[in-house]
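The structure appears below as structure tokens.
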Amino acid sequence: MRKKLVAGNWKMHGSLRQNAALLEQLKFGIAEVQCDVAVCVPYPFLAQVQSVLAGTQLLWGAQSVSEHESGAFTGEVSAAMLREFGCCYALVGHSERRSLFGESDALVAAKFVAAQKAGLVPILCLGESLVEREAGQTKAVVSRQLRAVIDVAGICGLMSAVVAYEPVWAIGTGVTASPAQAQEVHAAIRAQVGGLDGELATGLRILYGGSVKPQNAAELFKQADIDGGLIGGAALVAEDFLAICLAAN
Ligand code: PGA
């Protein structure tokens, strides 16, 4: 049985003050939650998150990571630095990074490897745009994005990694993929991995992301190949995020 994971993606939101209240509420509410729970926060908040969440069952991570170990890369943050702040996870290849910051499949693969090398668990985000879905290219796009990482990291790279399927048209739009639509892509991802390593595919956690809310979480998480969620907007409201975590119980 794969243990479910619910990861919050705060994106570029929050302040020390707001976070303090949100984290306290999460700490309080988490006792009833059985799945793994993490928050992926902006870099400047990592110290706060570390000091508030250390010793609790909540884990934390970053929203991106440099592909380089160290050096003259102004503005970048390395995986080893993230480890020093107790990060367990790093998102790689979020669709906003791909589309707004021009991250290619190759760059995402390099970031995946860099994260893993430093002991972080990469959460590899995959997903098609609306145009791609309407052109019937969903599985081809997701498969290409996944293959780019497997080509560089090897299939073993997926052993300590999480995959998140996030259809771009569902992110922040209020339009969620139906449970059946999501399940179909999740099954295809698992089959692709299974073609290379069956045991690994069985253990691989594949999260769904894109307008997950307390109202739709349970139905999504019930699907055979959906192992939790990557939550944006709803992760900023303690009540909603905790309700989604409980839906994964
Ligand atoms: P959303 O974002 O839940 O606000 O749609 C999900 C994500 O971008 O990870």
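Positions of Cβ are set from backbone N, Cα and C atoms, glycine also.
The substrate site recorded in TrEMBL includes N9, W10, K11, S211, G232, G233, and the single candidate from G29, G55, G61, G172 that the record places there is G172. Within 8 Å of the centroid of the Cβ atoms of N9, W10, K11, G172, S211, G232, G233, where the record puts substrate, the same chain has further Cβ atoms from I171, I231, A234, A235, L236. The CA atom of G232 (substrate binding site) is located 11 Å away from the CA atom of H94 (active site, electrophile). Annotation for the binding-site residues G172, G232, G233: lowest Cβ count within 10 Å of the residue's own Cβ, G172.
Around the Cβ of S211 (substrate binding site), a 10 Å sphere holds 20 further Cβ atoms from the protein chains shown.
In this structure, the C-alpha atom of G172 (substrate binding site) lies 13 angstrom from that of H94 (active site, electrophile). Of the recorded residues, K11 (substrate binding site) and H94 (active site, electrophile) place their C-alpha atoms 10 Å from one another.
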